[in-house]
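Visitor: Just dropping this structure here.
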């Protein structure tokens, strides 16, 4: 092994960048200093004496070291670079074909005949097979044609050469079968792009050359004579390396920060700016002069790149450099091209590529050579070199997001004059690595470029401003608090004033009046018969998932993904595409199988005839494959870009499509990869084959054609399958986008919930399953004839869109920043929208039941028929592999064909192998793996800190596992409750981790060891608690099974009821209700008491209220919305409660118009919920004790004959024989859990006093009196409250005293030095009008419930005075404990 390492260490670094023949040939040029054994020279009889063996001329010959041949260096193939090389051997001794880098082409070429005729005429050339080869260490300028016979001679000594030739021929066959024109050597590969360095060899200059479209790791040394035609590039190299290049005549008297406005396009720009672009340049210059960091947010296609280049060029004129531009990898070449067009005088370096390529850039493009010079000596003879900052060679560095993170150690030390971030909305997440890295870079000025600064909410816009100016926009929480009510005109104006200096936003319709219009048409298409068949089959096979109550959202997501695939094309499903050898028949089936493709075919044929060019966007790479098959059969020239195409290749394909007289008819693109920062204005038709969930992605795609440079009207066609999830998706996404820009203050990024998923999936299903005679199935079929297609494609009918989706954006927040007024929805409309949202949430609990019944009615018969057919097929042994798997059986069905493009762009496909592809963005759930078949096993532990994983489970996933285990137990070890909660994990992974976890908790407990026996840390896990909970839930599961298997038997035997008398039936609550309660624990999980209470299907709310002799209350949707907005402080007087019959239902706010009535309803509703939860919790705890005791009897084999040895006698003094008539004694432990009163001492008063105001002392005295009353009446008050009994006379008297003290405090606080007596009377509450009743229902004890001694009507007046004192009650943290009154 060591010898292998040593051999690898001494290998040459000059490896082929790529091999056309995919060879792994590792032969390299021998080192120059290699010594050869001295052997006797071979005497060749045909050697020419003192002459070149090739041309016959003498002088400057190179002699072979092993034979008598001699050659000129230029006559050799390949030419010899160094004629002075020692130990050189001629091609006859050593085959030069060992130095082949690539085989590029092969053809029959003429060569001179070896047979000389008798006449003096020129010998007749003969055609022989020759190969075009590129040599190692030489550029494409020095490629040579080598006859096949030379290869045949070399096969003897180089057996691998034969394999390389065979591989080349196989690849040539594939090229010949394609429609693309084959080019062996592209002209760009022999065109000098940049010269990096210079050296002198044997009196001749040589230059290190980078060629166009080749990366920096393919640079070659060329003699000056070989590149003599590229004098401009040679001169540019000399200028760049000249230290006087930047010595411009700058007016040093003028402060460079003084704003200088440009009235017309400046001379240093090699083009003409539009008026709005000139305005943008002035805005950027002004912002730079004021040191104000800004966002240039012009609409896509208005030339933000050009305006930015104009700014950097203006700064370059004043010797202000260097600048950093960060952009998506796919747009870097476009940036480079725009710099070359508009500001060719600037030295722009593009920094990206492999590690080797970046090393070349850093070595030759970053810094000038050191210029040693003497400085004023602080010490004798001290010499210093220029700082690296002063030696920076480039003016602008273009780089990608990945390089910012990957090479921050190189880029961060540089002090940048200006930093520009293209597609700046990527910085909306402050937790992203890009945001964190860029904040550490030093720059004098920062600019963000984005066409969509407000995609989701104001919080994201704030994060962009925080990146620009962390001082002015420091705290998101403060920003949210300051602008929480953004609909108020005053706040809108203030926000506008704050942001206006930082944001400029223009749209096409305002600044480009002469731009051709665009029109979007939504074309509704019917599914084909095959699509309908598979669409219905997906529903039928997943009947059990659809009817499952509370089914996992991941399952619905996967069903939706399968349906989306069917809408695109049924061939998207695995195994559906038939194998047809006849190409015409295969094409016919391809069209007939898909309604969309049939319409697309009709449109494309006419678009081709009319000379239009088309962009087709889709979400799926598989769909791109099908569209590619379609175009290939039609023999149409096309280009394709998806997430697998790298940055350089993308630009090549874009250039081919945009080239003058290009024969490319259409461009196939994935929406995410082909919708960002590229210019395809030569196309005038856009077809959105299937829509993106994010409408902004489709807007980006449309803007590729409708932008600067477009000369034709642009038609956009969006294909939607009628009555399918596509139609519903489009409706929801458009509605959400409109709402986003109407109610800016309410914007929050929300993932689609389960109700919306079911609504989307359900859409159109009834019509799909309806027969032709049913009413639901009578809607007419959509048919597009030739006349309809002609009308759709008639551009003379096109007018500019009145209100498109992107125009709606401008009706919202961003419209303010083109110097106009804000437009917002009014408060009433906002409140109505919020009420609709609350009402929708209130129906969510019933949604599962409605969903189940809907699908059961629609699919039950069909599912049963489907099962019968499968069983029948199985019985006949004809059952084939299912083409459509059930989502229930395979929770990952259909996710493998999703487009692999990233959420923002294709950046995962970096050209650097070291730069790993980024994960899935922001807003989209990562797709789960199907398993680890044929892969290496997951390591037990890996990573450190936050990245620490156990069997691939991170910290969050491990916590979710434990939480789920404590809630549902291990069940039957099928982990059914775990799979939907660990969406990133497969069942196999969960099962593997679960087995490991159970092994861990089964180990002998060692409290002194922080790890388990295998080294996995315990992470604070309380093993005893986990074991007890698992055992309890097993008992619950067994009890549920016992109840189901023995419906006539009691839940517990009589001896258990005698042991726990509280289990006996009450006046309302019976044994069957305990059965419901036990099942509810398994359904909702242990400890989820509120979920059990809220479960409408259980129907226990009214039962518990009747058992507790407490009225059942229901609230309206508006009141529930108000309830959620409460801070929990109460605000109503319980004494105002009216008499109700036990068990009656109170409907809140039915006839009440006053605010107090609504507050009362909310208070009683909250109190009812608290009591319900407390009852459920106590009841489950009692059932738990009974099950534990029953199991203990079985364990000890006592059978109820005697008491359990380890069990203390059960003492239940707090629970009577019946549920509803229990009496709870108040002990000292219960009182100790109440909040403590803390009287104010005289020393504290003196220490805090700031003046001699006697009123302050009086308030402290009143406060101490209140504390005394609370302490004296604590026990009696709590006793009355917890047992729902009327308070004693003493408590009522103390209550009236407390009321009097409160009035005195309010009187003191309402008096100020500058208030008149009349104003004092207005602001003081009229306490004499408060009627205090002494009934049990109307009065609560001092330490029970919520008591507010202020009168509702007087609260506003009191608040307007100097202050107020409210006496409130806080709920105890533990629900089983009573409540205490707290004085604020």
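In case you wondered, yes, glycine gets a Cβ from its N, Cα and C as well.
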Visitor: Quick check on the record annotations: which of 23, 910, 1013, 1313 is tagged phosphoserine by Swiss-Prot?
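Guide: Checking Swiss-Prot against 23, 910, 1013, 1313, the phosphoserine entry points to 23.
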Visitor: Which range, 1091-1121, 1122-1152, 1153-1183, does Swiss-Prot list as region 'Disordered'?
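Guide: In Swiss-Prot, residues 1122-1152 carry the label region 'Disordered'.
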Visitor: With helix taken as DSSP H, G or I, strand as E or B and everything else coil, how many residues of the motif 'DEAH box' (422-425) land in each class?
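Guide: Going by DSSP assignments, the motif 'DEAH box' (422-425) contains 2 helix, 1 strand, 1 coil.
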Visitor: Per DSSP, what is the residue count of the domain 'Chromo 2' (190-249) in each of helix, strand and coil?
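Guide: Each residue of the domain 'Chromo 2' (190-249) counted once, the result is 14 helix, 22 strand, 24 coil.
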Visitor: Take every residue in the domain 'Chromo 2' (190-249), average their pLDDT values, and give the whole-number result.
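Guide: Overall, the domain 'Chromo 2' (190-249) comes to a mean pLDDT of 87.
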